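A.B. asks: Mind having a look at this structure? Questions to follow.
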Amino acid sequence: MYSIVKEIIVDPYKRLKWGFIPVKRQVEDLPDDLNSTEIVTISNSIQSHETAENFITTTSEKDQLHFETSSYSEHKDNVNVTRSYEYRDEADRPWWRFFDEQEYRINEKERSHNKWYSWFKQGTSFKEKKLLIKLDVLLAFYSCIAYWVKYLDTVNINNAYVSGMKEDLGFQGNDLVHTQVMYTVGNIIFQLPFLIYLNKLPLNYVLPSLDLCWSLLTVGAAYVNSVPHLKAIRFFIGAFEAPSYLAYQYLFGSFYKHDEMVRRSAFYYLGQYIGILSAGGIQSAVYSSLNGVNGLEGWRWNFIIDAIVSVVVGLIGFYSLPGDPYNCYSIFLTDDEIRLARKRLKENQTGKSDFETKVFDIKLWKTIFSDWKIYILTLWNIFCWNDSNVSSGAYLLWLKSLKRYSIPKLNQLSMITPGLGMVYLMLTGIIADKLHSRWFAIIFTQVFNIIGNSILAAWDVAEGAKWFAFMLQCFGWAMAPVLYSWQNDICRRDAQTRAITLVTMNIMAQSSTAWISVLVWKTEEAPRYLKGFTFTACSAFCLSIWTFVVLYFYKRDERNNAKKNGIVLYNSKHGVEKPTSKDVETLSVSDEK
């Protein structure tokens, strides 16, 4: 019992400066850690002229795959590292292997360690499980709570609109959509600095500080007396929330491996649905119990309560967010756990964040803009940001148009779709991670998304069909954790490239919603929204098709790096014989140089 108290209370307190400020942890890699990456160790072993013993460990007659393990000993440092290679003959490779997303990413032996019913990969050590559990609490769980309050502050305007704000402030015509756009514009503009600084700043300081700032602005929204004042407040709320979405996605890519990331990102997205769900419940409770208290309408109290919750969560963030493995500020991770997190990055071939290199490197930018990633992924994300009708508030506006529900009942009914969305989200995350098929997870969600929006575009259907269609609306967003996690994996080899691509694709995609929403989601057309539902269905279809383009380029990159993933390729049909272990060793040394 004492050891537990010491690890979660006593030791963390000792790591605080002046008893309340988390500071950067100074943790040096041990010699064993520095030599634990397989290729470096193999290279050193060969250069030391140590002997190598090669032997067959696994043979799959079905696929004619061979595994060989080379064991190298370096007596100087007492390091013994084993690396397994799969020797794969690509002669007569069937066409359907194109759909095997992990064909060149992980070898068959590693695949055998993945069990769909287990949260951890088979063979994960106790220390690594402990680290992952800590990260799940400190990063994944906290990010969920942070996204929850962020979304409370984002969508509360829709609940306020149907709870009396429209009449109190004199909303007319398209004022609602214009107010929503002001938030988006502020959010986009203030993402631009993070194009350069996302991987250069201690995010454990930045994110909570911005949380506190937008909390104060949310209080201000409770006291506005005109639509222009509300628009100004929403602009600055969007500005202070600008980096949060990007930053959490970046942090997931800094700690988790490719087949762990989607579930954690999906857990983060749960905060979005909890925010939508609880916004209706909170507004319903507030309107019923606080409407008129101290002369304030119920919708104004809603903003105040949202702000109070945001302040509390922001303060917790200073102590919960861990930074990243090479710039770690966590008071809860031990030195050995920080080293283990770094080792996991090396195993996943993830480039480390570096606060010390120069901010603007023209060579790096040329490399980024001459590569496929920034263009293909940006267009992909534009389809993603426009493939849902949730943010339009169409469901709530349709319910209100029926003129049969009281305001508290409207807010209660608004909780149904995000509740279902949470189920869709976790199901999609499990499909992507545990079945090792992110493309299938995306297609799975978009089939239902297209069906729902097509029904709503038709509109002249039975009321039950409309209920069914609106119940499917959260399938549109369910694939977003998959997309962002996949982007992290695609760009994993260089941290700055990963950050720049992430910010660029997000800015461009979110920018598209700022003007598209004005064109297709005009408030005066509610709740019919013919253009909106039609455009959303088309975006979902384009997203599905473009996912296969991403899959093609992703697999091409992974094939070029197959050996680093433990897969040695050859084609006997073209007269290329199976390489020997010595050939692979020589190539490993060559690659390292």
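Glycine too: its Cβ is placed from the backbone N, Cα and C atoms.
A quick note: this is a predicted structure, and the numbers were derived from the prediction, not measured.
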A.B. asks: Quick test of your reading of the annotation: per Swiss-Prot, do Val155 and Ala394 share a side of the membrane?
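C.D. replies: According to Swiss-Prot, which assigns topological domains, Val155 and Ala394 fall on the same side of the membrane.
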A.B. asks: Would you confirm whether the transmembrane segment (303-323) and the transmembrane segment (500-520) meet the contact rule of 3 or more C-beta pairs below 8 angstroms, pairs 6 or more apart in sequence?
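C.D. replies: Contact criterion not met.
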A.B. asks: Work out, from DSSP, the number of helix, strand and coil residues along the topological domain 'Extracellular' (152-175).
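C.D. replies: Taking the topological domain 'Extracellular' (152-175) as a whole: 19 helix, 0 strand, 5 coil.
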A.B. asks: Which stretch from 235-255, 266-286, 439-459, 533-553 shares the most C-beta pairs under 8 Å with the transmembrane segment (364-384)?
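C.D. replies: So the stretch in question is 533-553.
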A.B. asks: Please check if the transmembrane segment (235-255) comes into contact with the transmembrane segment (439-459), where contact means 3 or more CB pairs closer than 8 Å and the residues in each pair are separated by 6 or more positions.
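C.D. replies: The answer is no, given that the two segments have fewer than 3 Cβ pairs within the 8 Å cut-off.
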A.B. asks: Any chance the transmembrane segment (412-432) and the transmembrane segment (467-487) are in contact, meaning at least three CB pairs closer than 8 A with a sequence separation of 6+?
C.D. replies: yes
